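What TrEMBL records for this protein:
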- 15-56: repeat 'WD' (REPEAT)
- 57-88: repeat 'WD' (REPEAT)
- 99-140: repeat 'WD' (REPEAT)
- 141-182: repeat 'WD' (REPEAT)
- 183-224: repeat 'WD' (REPEAT)
- 225-266: repeat 'WD' (REPEAT)
- 267-299: repeat 'WD' (REPEAT)
- 318-356: region 'Disordered' (REGION)
- 342-356: compositional bias 'Low complexity' (COMPBIAS)
Amino acid sequence: MAAPCAEDPSLERHFKGHRDAVTCVDFSINTKQLASGSMDSCLMVWHMKPQSRAYRFTGHKDAITCVNFSPSGHLLASGSRDKTVRIWVPNVKGESTAFRAHTATVRSVHFCSDGQSFVTASDDKTVKVWATHRQKFLFSLSQHINWVRCAKFSPDGRLIVSASDDKTVKLWDKNSRECVHSYCEHGGFVTYVDFHPSGTCIAAAGMDNTVKVWDVRTHRLLQHYQLHSAAVNGLSFHPSGNYLITASSDSTLKILDLMEGRLLYTLHGHQGPATTVAFSRTGEYFASGGSDEQVMVWKSNFDIIDHGEVMKVSRPPATLASSTGNLPEVDFPGPPGRGRSVESVQSQPQEPVSVPQTLTSTLEHIVGQLDVLTQTVSILEQRLTLTEDKLKQCLENQQLIMQRATP
(Lines of atoms letter the chains of each structure in order from A and count residues from 1; the text may use other names and numbers.)
(Lines give C-alpha, C1' and ligand atoms only; values in the text may rest on other atoms or scores of the structure.)
Protein backbone atom coordinates (compact mmCIF):
# COMPACT_ATOMS: atom_id res chain seq x y z
CA MET A 1 0.00 0.00 0.00
CA ALA A 2 1.38 3.39 -1.01
CA ALA A 3 2.21 5.95 1.68
CA PRO A 4 -0.10 8.98 1.84
CA CYS A 5 1.13 12.05 -0.03
CA ALA A 6 1.29 15.51 1.46
CA GLU A 7 -1.22 17.96 0.04
CA ASP A 8 -1.54 21.72 -0.04
CA PRO A 9 -3.14 23.43 2.96
CA SER A 10 -6.89 23.90 2.44
CA LEU A 11 -9.31 26.47 3.81
CA GLU A 12 -11.89 24.61 5.92
CA ARG A 13 -14.04 27.20 7.67
CA HIS A 14 -14.85 30.92 7.71
CA PHE A 15 -16.04 32.38 11.00
CA LYS A 16 -17.81 35.73 10.71
CA GLY A 17 -19.11 37.62 13.74
CA HIS A 18 -16.53 40.22 14.71
CA ARG A 19 -17.32 43.84 13.88
CA ASP A 20 -13.73 45.07 13.67
CA ALA A 21 -10.21 43.73 13.01
CA VAL A 22 -9.38 40.34 14.54
CA THR A 23 -6.27 40.62 16.72
CA CYS A 24 -5.71 37.12 18.16
CA VAL A 25 -6.71 33.44 17.85
CA ASP A 26 -6.08 30.28 19.90
CA PHE A 27 -7.30 26.66 19.83
CA SER A 28 -8.36 24.64 22.88
CA ILE A 29 -6.29 21.51 23.54
CA ASN A 30 -8.89 19.18 21.99
CA THR A 31 -9.41 21.46 18.94
CA LYS A 32 -13.16 21.59 19.68
CA GLN A 33 -13.11 25.33 20.38
CA LEU A 34 -11.35 28.28 18.77
CA ALA A 35 -11.17 31.62 20.57
CA SER A 36 -10.67 34.97 18.86
CA GLY A 37 -10.36 38.55 20.09
CA SER A 38 -11.01 41.75 18.22
CA MET A 39 -10.80 45.52 18.21
CA ASP A 40 -14.59 45.37 18.72
CA SER A 41 -13.93 44.52 22.43
CA CYS A 42 -15.64 41.12 22.08
CA LEU A 43 -14.23 37.68 22.73
CA MET A 44 -15.69 34.96 20.48
CA VAL A 45 -15.51 31.23 21.15
CA TRP A 46 -16.25 29.30 17.96
CA HIS A 47 -17.16 25.63 17.91
CA MET A 48 -15.38 23.54 15.33
CA LYS A 49 -18.41 21.24 15.10
CA PRO A 50 -20.54 22.50 12.16
CA GLN A 51 -23.87 24.24 12.86
CA SER A 52 -22.88 25.00 16.48
CA ARG A 53 -23.57 28.48 17.81
CA ALA A 54 -20.59 30.59 18.87
CA TYR A 55 -20.28 32.26 22.27
CA ARG A 56 -19.85 36.04 22.34
CA PHE A 57 -18.30 37.23 25.63
CA THR A 58 -18.47 40.87 26.70
CA GLY A 59 -16.67 42.35 29.69
CA HIS A 60 -13.65 44.19 28.35
CA LYS A 61 -14.22 47.91 27.90
CA ASP A 62 -11.81 48.32 24.98
CA ALA A 63 -10.11 46.32 22.20
CA ILE A 64 -9.02 42.75 22.99
CA THR A 65 -5.40 42.22 22.00
CA CYS A 66 -4.59 38.64 23.07
CA VAL A 67 -6.20 35.33 24.00
CA ASN A 68 -4.93 31.97 25.32
CA PHE A 69 -6.60 28.75 26.50
CA SER A 70 -5.27 27.14 29.68
CA PRO A 71 -3.50 23.77 29.15
CA SER A 72 -6.60 21.92 30.39
CA GLY A 73 -8.88 23.95 28.11
CA HIS A 74 -11.20 24.79 31.01
CA LEU A 75 -10.11 28.44 31.28
CA LEU A 76 -9.55 31.15 28.72
CA ALA A 77 -7.43 34.27 29.31
CA SER A 78 -7.72 37.55 27.41
CA GLY A 79 -5.90 40.88 27.56
CA SER A 80 -7.16 44.26 26.51
CA ARG A 81 -6.48 47.89 25.83
CA ASP A 82 -8.58 48.52 28.97
CA LYS A 83 -5.41 47.52 30.95
CA THR A 84 -6.95 44.34 32.37
CA VAL A 85 -6.62 40.60 31.96
CA ARG A 86 -9.78 38.52 32.23
CA ILE A 87 -10.01 34.79 32.96
CA TRP A 88 -13.17 33.22 31.53
CA VAL A 89 -14.90 29.87 31.86
CA PRO A 90 -15.57 29.19 28.14
CA ASN A 91 -19.17 27.99 28.43
CA VAL A 92 -22.53 29.50 27.61
CA LYS A 93 -22.54 31.69 30.76
CA GLY A 94 -19.25 33.40 29.89
CA GLU A 95 -18.44 34.47 33.46
CA SER A 96 -15.06 36.09 34.07
CA THR A 97 -12.72 37.55 36.67
CA ALA A 98 -10.64 40.68 36.02
CA PHE A 99 -6.94 40.92 36.97
CA ARG A 100 -5.56 44.44 37.44
CA ALA A 101 -1.91 45.50 37.83
CA HIS A 102 -0.82 46.84 34.45
CA THR A 103 -1.04 50.59 33.89
CA ALA A 104 -1.39 50.46 30.09
CA THR A 105 -2.65 48.19 27.29
CA VAL A 106 -2.09 44.46 27.88
CA ARG A 107 -0.62 43.08 24.63
CA SER A 108 -0.02 39.41 25.45
CA VAL A 109 -1.18 36.64 27.79
CA HIS A 110 0.15 33.07 28.01
CA PHE A 111 -0.41 30.20 30.46
CA CYS A 112 2.48 28.16 31.81
CA SER A 113 2.36 24.48 30.76
CA ASP A 114 1.21 23.44 34.26
CA GLY A 115 -1.65 25.98 34.21
CA GLN A 116 -0.67 27.30 37.65
CA SER A 117 0.56 30.68 36.41
CA PHE A 118 0.38 32.96 33.39
CA VAL A 119 2.52 35.75 31.98
CA THR A 120 1.44 39.08 30.49
CA ALA A 121 3.16 41.84 28.50
CA SER A 122 2.10 45.48 28.36
CA ASP A 123 2.63 48.95 26.96
CA ASP A 124 3.67 49.91 30.51
CA LYS A 125 7.06 48.32 29.52
CA THR A 126 6.69 45.42 31.95
CA VAL A 127 6.25 41.67 31.84
CA LYS A 128 4.15 40.36 34.75
CA VAL A 129 3.66 36.87 36.17
CA TRP A 130 0.43 35.88 37.93
CA ALA A 131 -0.89 32.91 39.96
CA THR A 132 -3.91 31.45 38.21
CA HIS A 133 -5.83 29.82 41.10
CA ARG A 134 -4.88 32.32 43.80
CA GLN A 135 -5.73 35.07 41.31
CA LYS A 136 -2.73 37.03 42.47
CA PHE A 137 -0.09 39.21 40.84
CA LEU A 138 3.34 37.69 41.65
CA PHE A 139 6.15 39.80 40.15
CA SER A 140 7.30 42.07 37.31
CA LEU A 141 10.21 41.87 34.87
CA SER A 142 11.16 45.45 34.05
CA GLN A 143 14.23 45.89 31.83
CA HIS A 144 12.50 46.78 28.54
CA ILE A 145 12.58 50.49 27.68
CA ASN A 146 9.56 50.53 25.36
CA TRP A 147 6.22 48.76 24.93
CA VAL A 148 6.36 44.98 25.38
CA ARG A 149 4.36 43.28 22.63
CA CYS A 150 4.62 39.63 23.60
CA ALA A 151 5.75 37.28 26.40
CA LYS A 152 5.75 33.47 26.49
CA PHE A 153 6.75 30.69 28.88
CA SER A 154 9.14 27.99 27.72
CA PRO A 155 7.58 24.49 27.45
CA ASP A 156 9.08 23.51 30.82
CA GLY A 157 8.03 26.80 32.47
CA ARG A 158 11.56 27.75 33.61
CA LEU A 159 12.21 30.52 31.08
CA ILE A 160 10.21 33.47 29.77
CA VAL A 161 10.86 35.23 26.47
CA SER A 162 9.61 38.74 25.68
CA ALA A 163 9.53 40.95 22.57
CA SER A 164 9.47 44.74 22.62
CA ASP A 165 9.29 47.97 20.65
CA ASP A 166 12.79 48.66 22.03
CA LYS A 167 13.89 46.30 19.18
CA THR A 168 15.05 43.58 21.57
CA VAL A 169 14.00 40.08 22.52
CA LYS A 170 14.81 39.25 26.14
CA LEU A 171 15.21 35.83 27.75
CA TRP A 172 14.41 35.61 31.47
CA ASP A 173 14.94 33.02 34.18
CA LYS A 174 11.58 32.71 35.96
CA ASN A 175 13.03 31.62 39.31
CA SER A 176 15.84 34.18 39.62
CA ARG A 177 13.83 36.84 37.72
CA GLU A 178 17.07 37.79 35.95
CA CYS A 179 17.45 38.65 32.27
CA VAL A 180 19.59 35.82 30.85
CA HIS A 181 20.21 37.43 27.46
CA SER A 182 19.07 40.23 25.14
CA TYR A 183 18.83 39.56 21.39
CA CYS A 184 19.33 42.80 19.47
CA GLU A 185 19.44 41.75 15.80
CA HIS A 186 16.03 43.15 14.78
CA GLY A 187 16.04 46.45 12.91
CA GLY A 188 12.63 47.56 14.17
CA PHE A 189 9.89 46.85 16.69
CA VAL A 190 9.65 43.15 17.58
CA THR A 191 5.99 42.18 17.31
CA TYR A 192 5.87 38.54 18.40
CA VAL A 193 8.01 35.78 19.88
CA ASP A 194 7.55 32.12 20.81
CA PHE A 195 9.47 29.03 21.89
CA HIS A 196 10.17 26.07 19.64
CA PRO A 197 8.30 23.00 21.04
CA SER A 198 11.66 21.55 22.16
CA GLY A 199 12.34 24.66 24.26
CA THR A 200 15.83 25.00 22.75
CA CYS A 201 15.06 27.78 20.23
CA ILE A 202 12.93 30.91 19.93
CA ALA A 203 11.50 32.61 16.85
CA ALA A 204 10.67 36.31 16.66
CA ALA A 205 8.77 38.40 14.12
CA GLY A 206 9.40 42.07 13.43
CA MET A 207 8.23 45.29 11.83
CA ASP A 208 11.41 45.01 9.72
CA ASN A 209 9.58 42.27 7.72
CA THR A 210 11.86 39.52 9.07
CA VAL A 211 11.64 36.35 11.13
CA LYS A 212 14.66 35.29 13.16
CA VAL A 213 15.39 32.04 15.03
CA TRP A 214 17.90 31.85 17.90
CA ASP A 215 19.32 29.02 20.01
CA VAL A 216 18.56 29.86 23.66
CA ARG A 217 21.54 27.80 24.88
CA THR A 218 24.26 29.44 22.78
CA HIS A 219 22.26 32.63 21.95
CA ARG A 220 23.40 32.18 18.35
CA LEU A 221 21.24 33.44 15.47
CA LEU A 222 20.39 30.22 13.63
CA GLN A 223 17.97 31.30 10.92
CA HIS A 224 16.96 34.55 9.27
CA TYR A 225 14.05 34.88 6.84
CA GLN A 226 13.11 37.98 4.88
CA LEU A 227 10.17 36.72 2.87
CA HIS A 228 7.33 39.14 3.58
CA SER A 229 6.97 42.56 1.97
CA ALA A 230 5.49 44.16 5.11
CA ALA A 231 5.58 43.76 8.89
CA VAL A 232 5.29 40.24 10.31
CA ASN A 233 2.56 40.37 12.97
CA GLY A 234 2.52 36.84 14.34
CA LEU A 235 3.95 33.34 14.06
CA SER A 236 3.33 29.82 15.32
CA PHE A 237 5.43 26.65 15.49
CA HIS A 238 3.95 23.38 14.29
CA PRO A 239 4.03 20.99 17.31
CA SER A 240 6.49 18.74 15.45
CA GLY A 241 8.95 21.66 15.48
CA ASN A 242 9.64 21.22 11.77
CA TYR A 243 7.47 24.05 10.45
CA LEU A 244 6.74 27.69 11.23
CA ILE A 245 3.80 29.74 9.99
CA THR A 246 3.81 33.55 9.82
CA ALA A 247 1.14 36.23 9.37
CA SER A 248 1.95 39.58 7.76
CA SER A 249 0.56 42.98 6.91
CA ASP A 250 1.25 42.07 3.26
CA SER A 251 -2.02 40.02 3.68
CA THR A 252 -0.31 36.62 3.34
CA LEU A 253 0.48 33.66 5.56
CA LYS A 254 3.74 31.84 4.86
CA ILE A 255 4.71 28.32 5.90
CA LEU A 256 8.44 27.68 6.38
CA ASP A 257 10.19 24.31 6.47
CA LEU A 258 12.70 24.87 9.27
CA MET A 259 14.63 21.66 8.67
CA GLU A 260 15.19 22.53 5.00
CA GLY A 261 15.40 26.26 5.64
CA ARG A 262 12.98 27.12 2.84
CA LEU A 263 9.60 28.62 2.08
CA LEU A 264 6.93 25.96 1.50
CA TYR A 265 3.71 27.89 0.91
CA THR A 266 2.33 31.39 0.58
CA LEU A 267 -1.37 31.51 1.45
CA HIS A 268 -3.66 34.24 0.15
CA GLY A 269 -6.89 34.45 2.12
CA HIS A 270 -7.28 37.74 3.97
CA GLN A 271 -8.21 41.05 2.39
CA GLY A 272 -5.78 43.38 4.10
CA PRO A 273 -3.26 42.65 6.86
CA ALA A 274 -3.14 39.16 8.38
CA THR A 275 -2.80 40.01 12.05
CA THR A 276 -2.55 36.65 13.83
CA VAL A 277 -2.00 32.93 13.22
CA ALA A 278 -1.89 29.81 15.43
CA PHE A 279 -1.57 26.06 14.93
CA SER A 280 -3.90 23.73 16.80
CA ARG A 281 -2.28 21.65 19.56
CA THR A 282 -1.83 18.69 17.17
CA GLY A 283 -0.87 20.74 14.12
CA GLU A 284 -3.70 19.29 12.07
CA TYR A 285 -5.28 22.74 11.71
CA PHE A 286 -4.22 26.35 11.91
CA ALA A 287 -6.31 29.49 12.29
CA SER A 288 -5.70 33.03 11.10
CA GLY A 289 -7.31 36.40 11.69
CA GLY A 290 -7.12 39.70 9.86
CA SER A 291 -8.15 43.31 9.64
CA ASP A 292 -10.94 42.09 7.33
CA GLU A 293 -12.80 40.97 10.53
CA GLN A 294 -12.55 37.32 9.47
CA VAL A 295 -11.34 34.22 11.27
CA MET A 296 -10.23 31.44 8.93
CA VAL A 297 -9.51 27.81 9.79
CA TRP A 298 -7.17 25.87 7.51
CA LYS A 299 -6.31 22.18 7.37
CA SER A 300 -2.53 21.72 7.32
CA ASN A 301 -2.32 18.63 5.03
CA PHE A 302 1.37 19.22 4.22
CA ASP A 303 2.69 17.28 7.21
CA ILE A 304 1.53 13.65 7.03
CA ILE A 305 2.14 12.31 10.53
CA ASP A 306 0.24 10.51 13.25
CA HIS A 307 -1.27 13.60 14.85
CA GLY A 308 -2.12 11.64 17.99
CA GLU A 309 1.55 10.91 18.58
CA VAL A 310 2.66 14.53 18.45
CA MET A 311 1.36 15.24 21.94
CA LYS A 312 3.32 12.28 23.35
CA VAL A 313 6.75 13.49 22.22
CA SER A 314 8.84 14.30 25.30
CA ARG A 315 10.03 17.89 25.57
CA PRO A 316 13.60 18.46 26.75
CA PRO A 317 13.89 21.22 29.36
CA ALA A 318 14.69 24.70 28.07
CA THR A 319 18.05 24.90 29.82
CA LEU A 320 21.24 26.37 28.47
CA ALA A 321 22.84 22.92 28.29
CA SER A 322 23.62 21.39 24.91
CA SER A 323 21.48 18.73 23.25
CA THR A 324 21.03 17.16 19.85
CA GLY A 325 18.40 17.94 17.23
CA ASN A 326 19.46 21.49 16.38
CA LEU A 327 17.89 23.42 13.52
CA PRO A 328 20.21 24.09 10.57
CA GLU A 329 21.65 27.59 10.16
CA VAL A 330 19.85 29.49 7.40
CA ASP A 331 20.00 33.01 6.00
CA PHE A 332 17.04 33.30 3.64
CA PRO A 333 16.68 36.85 2.27
CA GLY A 334 14.75 35.56 -0.75
CA PRO A 335 12.14 37.74 -2.45
CA PRO A 336 8.52 37.49 -1.32
CA GLY A 337 6.40 35.11 -3.34
CA ARG A 338 8.84 32.23 -3.69
CA GLY A 339 7.48 28.82 -2.75
CA ARG A 340 4.10 27.32 -3.55
CA SER A 341 1.22 29.79 -3.62
CA VAL A 342 -2.22 28.71 -2.45
CA GLU A 343 -5.33 30.84 -2.98
CA SER A 344 -8.24 30.64 -0.55
CA VAL A 345 -10.61 29.04 -3.07
CA GLN A 346 -12.78 26.92 -0.82
CA SER A 347 -14.45 23.72 -1.96
CA GLN A 348 -17.19 22.04 0.08
CA PRO A 349 -16.03 22.27 3.72
CA GLN A 350 -15.10 19.00 5.36
CA GLU A 351 -16.12 18.25 8.93
CA PRO A 352 -13.05 18.73 11.11
CA VAL A 353 -11.71 15.68 12.90
CA SER A 354 -11.71 15.80 16.70
CA VAL A 355 -8.63 14.82 18.65
CA PRO A 356 -9.08 11.50 20.54
CA GLN A 357 -10.20 11.98 24.13
CA THR A 358 -7.30 9.82 25.33
CA LEU A 359 -5.06 12.85 24.92
CA THR A 360 -6.71 14.45 27.94
CA SER A 361 -5.21 12.75 30.98
CA THR A 362 -6.96 12.25 34.30
CA LEU A 363 -4.64 14.82 35.87
CA GLU A 364 -5.59 17.45 33.29
CA HIS A 365 -9.25 16.73 34.00
CA ILE A 366 -8.72 17.25 37.74
CA VAL A 367 -6.79 20.48 37.13
CA GLY A 368 -9.54 21.59 34.76
CA GLN A 369 -12.22 20.98 37.38
CA LEU A 370 -10.12 22.93 39.89
CA ASP A 371 -9.92 25.78 37.36
CA VAL A 372 -13.70 25.88 37.07
CA LEU A 373 -14.29 25.60 40.84
CA THR A 374 -11.77 28.36 41.55
CA GLN A 375 -13.41 30.61 39.01
CA THR A 376 -16.91 29.85 40.37
CA VAL A 377 -15.82 30.62 43.95
CA SER A 378 -14.31 33.91 42.77
CA ILE A 379 -17.54 34.91 41.03
CA LEU A 380 -19.59 34.00 44.12
CA GLU A 381 -17.22 36.05 46.30
CA GLN A 382 -17.66 39.04 44.00
CA ARG A 383 -21.45 38.70 44.13
CA LEU A 384 -21.36 38.34 47.93
CA THR A 385 -19.26 41.50 48.19
CA LEU A 386 -21.76 43.36 46.00
CA THR A 387 -24.65 42.08 48.17
CA GLU A 388 -22.86 43.19 51.36
CA ASP A 389 -22.22 46.62 49.85
CA LYS A 390 -25.91 46.97 48.95
CA LEU A 391 -26.99 45.92 52.47
CA LYS A 392 -24.61 48.47 54.03
CA GLN A 393 -25.98 51.15 51.72
CA CYS A 394 -29.55 50.23 52.70
CA LEU A 395 -28.71 50.36 56.40
CA GLU A 396 -27.00 53.74 55.99
CA ASN A 397 -30.01 55.09 54.09
CA GLN A 398 -32.35 53.74 56.78
CA GLN A 399 -30.28 55.42 59.52
CA LEU A 400 -30.40 58.72 57.62
CA ILE A 401 -34.19 58.45 57.30
CA MET A 402 -34.50 57.68 61.05
CA GLN A 403 -32.29 60.66 61.94
CA ARG A 404 -34.33 62.99 59.75
CA ALA A 405 -37.59 61.63 61.23
CA THR A 406 -36.35 62.25 64.81
CA PRO A 407 -37.55 65.77 65.97
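Any Cβ shown, glycine's included, is placed from N, Cα and C.
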Next item on the list: Average the pLDDT scores across the repeat 'WD' (15-56) and report the rounded value.
Entry: 94
Next item on the list: Please check if the repeat 'WD' (15-56) comes into contact with the repeat 'WD' (141-182), where contact means 3 or more CB pairs closer than 8 Å and the residues in each pair are separated by 6 or more positions.
Entry: no
Margin query: Treating G and I as helix alongside H, and B as strand alongside E, what does DSSP give for the repeat 'WD' (225-266) in helix, strand and coil?
Written below: 0 helix, 24 strand, 18 coil
Check: According to DSSP, how is the repeat 'WD' (57-88) divided among helix, strand and coil residues?
Finding: 0 helix, 17 strand, 15 coil
Notebook entry, point to check: For the repeat 'WD' (267-299), what are the DSSP-based totals of helix, strand and coil residues?
Noted result: 0 helix, 20 strand, 13 coil
Margin query: From the DSSP assignment alone, can you count helix, strand and coil residues within the repeat 'WD' (15-56)?
Written below: 0 helix, 21 strand, 21 coil
